[in-house]
Amino acid sequence: MYSLKSLALLAASSLIANVTLTAAKIQGEVAPKVPGAYIVELQDDQNQDTFYNSLGNAGQAIKHRQSLKYSLFNGVSFQLLNTTDEDAAAKSIEIMPEVRQIWPVRIFSVPKDEVVWTGNSPMEVASAGLQRRQEAGNDTFSPHVMTQVDQLRAQGITGEGVRIAVIDTGTDYKHPALGGCFGEGCLVSFGTDLVGDNYDGTNEAVPDPDPYDDCEGHGTHVAGIIAAQMNPFGFTGAAPDVTLGSYRVFGCGGSAGNDVLIAAYNQAYEDGADIITASIGGPSGWSEDPWAVAVQRIVEQGVPCTVSAGNDGAEGIFYASTAANGKKVTAVASVDNTQSPAVLLNATYSVNNRTGYSFGWTEGNPSAWGNISLPLYAGNYNTSDPADACEPYPDSTPDLSDYIVLIRRGTCTFVQKVTNAANKGARYIMFYNNVAGASSVTADVEGIEGVGMTTAAQGVEWVRLLANGSEVVLNIVDPDFADNFATSSPNPRTGGFLSTFTSWGPTYELDVKPQISSPGGMILSTYPLALGGYAVLSGTSMACPLAAAVVALVGQVRGTFDPATIENLLASTANPNLFNDGTSTYPILAPVAQQGGGLIQAYDAAYTNVELSVSSIAFNDTDNFEDTMNFTISNAGDNSVTYSLSNVGAATAYTFSQGSIYPDPFPNALVDSFASVEFSSKEVSIGAGSESTVQIIVTPPEGLDASRLPVWSGYIAMNGSDGTSLSLPYQGVTGSMHDQTVLDTQNTYLTTSASEDYEPLTSSNSTFYLPRSNSTASNSTVYPEVAIALAFGSSLVRCDVHPVGPQGYGSNSTSILGIASLGNIYSFPYTYAPRGGLVAAWDGMLEDGTMAPAGTYQLVVRALHIFGDKSMASEYDSATTVPFTIKYV
C-alpha cells in the first residue's frame, strides 16, 4: 500500500510487452440459458395468479419455478412445457398486456475460487487437536491490518446491531465459530434456503426455511470473513457482532438460476437487511442484465450491495462481471494478503538420530500415509532449480521405495515430477514450495501412496542438511489423526498488491468498475465442519465479504448506510496500489480498471470529516468525451481545511495488440502516458460545515495508438492542511468504442451438432433432415449449428435466416436491415452479450415460433456495435454462413 503523496514523486517507466490472442476459441462462455425457462416482470397492477390464468386461457402450459412478488420486483419465473414452440411462446408472452419485461433464465455457478487448504478431515464441534502458532508480534489478523479494521476494533467498533445478508451457498451455522445455531438470538439469525440440496439451476427448487450447508462451503467461508467468533486459530471476522442472514441459492451441485438470485436479493431486502453481499457472478460487461437491474433497485432504496468483481483477471481488460457491473452496485476487486496463512499438519523429524524437530505440511492426493518413519532423499541439491525432477532420475538413483522423496515445486507438473520418482520405486513424495505457504497437491500416479507439501524454508533447510551428509528422517503421523497448527509467513512477491485473478472493468458503456479493492488472496476463514472446519481460499469471493463487513463498521460509526455516501467514503480514503503482474512490482499505479479507488481503509473512511460527492469520474471515449467535470468537497468538521490538489496518473492499458480484434489477456500492455488535469484552483479552502465545488478539465494522454483502444486513468490527489489525504479515481478511453470490431467474421461459421470441436462446415451442398415440429427428434438427428465468435461485447446479436435458391423459398421473407430474411432463428436475438464464443443449434424454428419452410438458407449473424443504432445495417458487423438445405422428416 502506498499513499498518493509519495506516489506523486515516483518516476514511471515502460512496463510490459504485449500479448496477442491469435484465434477465437468457440465455446459456451456466456451464462448458459435454461431451455424453456423465463423470468417475467409483471405490470404493477398484475399478480402471478391472474398471469398464469391468462397463460392457461391462451393454451400455454407451464411449470412454476419462482414467485417473484416483492415490493421492488413484481414477477414470476416458470418453465414452458411445450418447449418445441419455446420461442413462439416467449414472443406471445412478451406482448401480453400483463407483462413488462421477459428474460431467459440463465445459470451461474459457484465461483471457482482457489482452495489453497482445507481441514484434513471432518471436525468435531469441540475442534480438538487444533493449535495456534504465531511468530512474535504477529498476533493481529493481516487482512484487518491491511484495511485498518484492527484500528476500529481497538475502539470497540464491531458492527453491533447491523444486519448483513449473505447470498451464497448457505452456511454451516453449527460451526462453533459461527455461533452454533440458527434463528433468533443466534449469530446467523435470519435467512432461508431457496433451493434445497438437489437444486442445480435447471430443476425444481425445493425451498426450506433452514439455510444450513455442509456440502459446498463457499458461503461458510464468506460468513466467517464477516463475523467469525474467536476460535483456536486465533482470528475473528471483521465485524463479529453483526447479525448475519444466510440466503442459500446453490444446492450441492453448485449452480443457480438468475431467477433465484433475484428472489434472494429481494427477500433479503424485505427481511430488513442493512447490507447485502454476494460473491457470485459471471462475464457480462452490461448493466442491463436482469439480476444487475434488480440489485440496482435495492441500492436505490438505500441498502448498500457489495458484489465480487469476478475471478477472470486472466481475460484482461473489459471483462466486468454481473451483477457487480450494475449501476450503483459496489464492485469489489481483490488484493493479495500480505501474509500467507497456512493451517498445517504437525510432524517431526530427526537429524543424525537427534530428535525433537517439528515441521508443518499439508497432505495431498493420494494420502495413504499412515504412521511412517522414513529417511528423506533429494535428487537435486540446488534449491533454486525450478525443474527439479522434471527429467528422469539418473541410473545411479537408489531404490526410492524406502524413502520419502523431497522435490522442489516448479516448472513442470506435479504429476510429471511424481511419475519420474515413481519410476525409481518411490511411494511417498514431499514437495517443498517455491512461494510462501504450503498447498494441497494432487498427483495420482500408479505406485504412489502419499504426497504432501511443506514450506519453502523447511525444504531448503532439509536440502542443506542432506547436502552436508546428514541423515534426515521424517516421522509422519496419519493425517486423519495429526494435530493442526496455524501459521503465516510474509508474502513479499504479491502481498498488498492486486491479485492477478481479479477481473478488470470497465463496462462496455464505460462505467467505472470496480469501485474498491479488499484482501481476497490467501484468506483463512471458517469452512463446514464436514469439510474440515477451516480453509484458506483465494478469490474476489473473499474480498467482497470483508468489504461488506467494513461497510458495517463504517456505517456504525457514521450512523448511516446510505450507499452513495459509504461508497464515496470508501473510494476516496482507499490506498491506490502499484501494478504487480504476479511476479514483479512496477513503479506506477495499477489502472483504475483493475483496482477502482484502491485498497479500502476502514478507519479513515469512518472518521474522515471530509466527503466527496462522487466515487469516481468517467470521461468516456473519444466519441463521447467530456473534458470538464465538477465534484464537491464537503467539510463536516469543526475546523477549516485547505486541500492541495494534484493529478497522479495510473498506467494506461492497451486493450488490443496491434492489428488484433481480441482484447489481450492479462497482463495487458501498459504504458506511462498520463492525462493532464487543469484545476479551477489547485488549493481549496473549506470552512467548517461548508463545501466547495472543484472543476477539472482533462486532456487525454498524448502519443497513444487509438486503434488499440488505450484506457487511461489516474487519481485526483487531495492532501489536506490537517494531514489527511483523499483521492478520486478517474478514467477515460482514447479511441472509439463504437468503431471496434465486435464480431470475428472469420471465426463465425456453420457447423453441425455432430462436430464435437465445432469444425467449420465448408461445403455449400449440405442437407439436414430435421424432425417436424410435431414429431420427436432421435439421438441421431444432426442439426445445423452456428458458431459465433464475439471479439467484443454487443448489446444485440441477430441470427437471420436468409433464403437462397428458388424464389418460392423466400415467399415469407421480408427485408430486415437490407437482406431478405424469415427472421431470427429461435432464441435470437441475443441481448447484452459479453465477449466470447457461443454456439446455437437450429431445428428450423424461427423467432416467432413458426417453422421455416424446407429449402436452402444461409444464416446471417449480425452483432451491433457498442453505442450503435440497431435500426441501421451499417451499425452491425456481419458474417454469412455457407448455404445449406433443410428438409423435414
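Glycine is treated like the rest: Cβ placed from N, Cα and C.
Because TrEMBL annotations are produced automatically, they should be read as predictions rather than curated entries.
Because the structure is a prediction, the values reported are computed rather than measured.
So that you can see what the record holds, here are the features copied from TrEMBL:
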type: ACT_SITE; residues: Asp168; note: active site, charge relay system
type: ACT_SITE; residues: His218; note: active site, charge relay system
type: ACT_SITE; residues: Ser541; note: active site, charge relay system
type: DOMAIN; residues: 159-577; note: domain 'Peptidase S8/S53'
type: DOMAIN; residues: 377-452; note: domain 'PA'
type: DOMAIN; residues: 617-730; note: domain 'C5a peptidase/Subtilisin-like protease SBT2-like Fn3-like'
type: SIGNAL; residues: 1-24; note: signal peptide
> What is the separation, in Å, between the Cα atoms of Ser541 (active site, charge relay system) and His218 (active site, charge relay system)?
Replying inline: 8
> Between His218 (active site, charge relay system) and Asp168 (active site, charge relay system), what C-alpha distance do you get in Å?
Replying inline: 7
>> At a 10 Å cut-off from the C-beta of His218 (active site, charge relay system), count the other C-beta atoms across all protein chains.
In response: 27
> In which DSSP state, out of helix, strand and coil, do we find Ser541 (active site, charge relay system)?
Replying inline: helix
> Including all protein chains shown, what's the count of other C-beta atoms within 10 A of the C-beta of Asp168 (active site, charge relay system)?
Replying inline: 32
>> Please count the residues of the domain 'PA' (377-452) that DSSP assigns to helix (H, G, I), strand (E, B) and coil.
In response: 12 helix, 16 strand, 48 coil
>> Quick check on the domain 'C5a peptidase/Subtilisin-like protease SBT2-like Fn3-like' (617-730): DSSP residue counts for helix, strand, coil, in that order please.
In response: 3 helix, 61 strand, 50 coil
>> For a quick check of packing: other C-beta atoms within 10 Å of the C-beta of Ser541 (active site, charge relay system), how many?
In response: 29
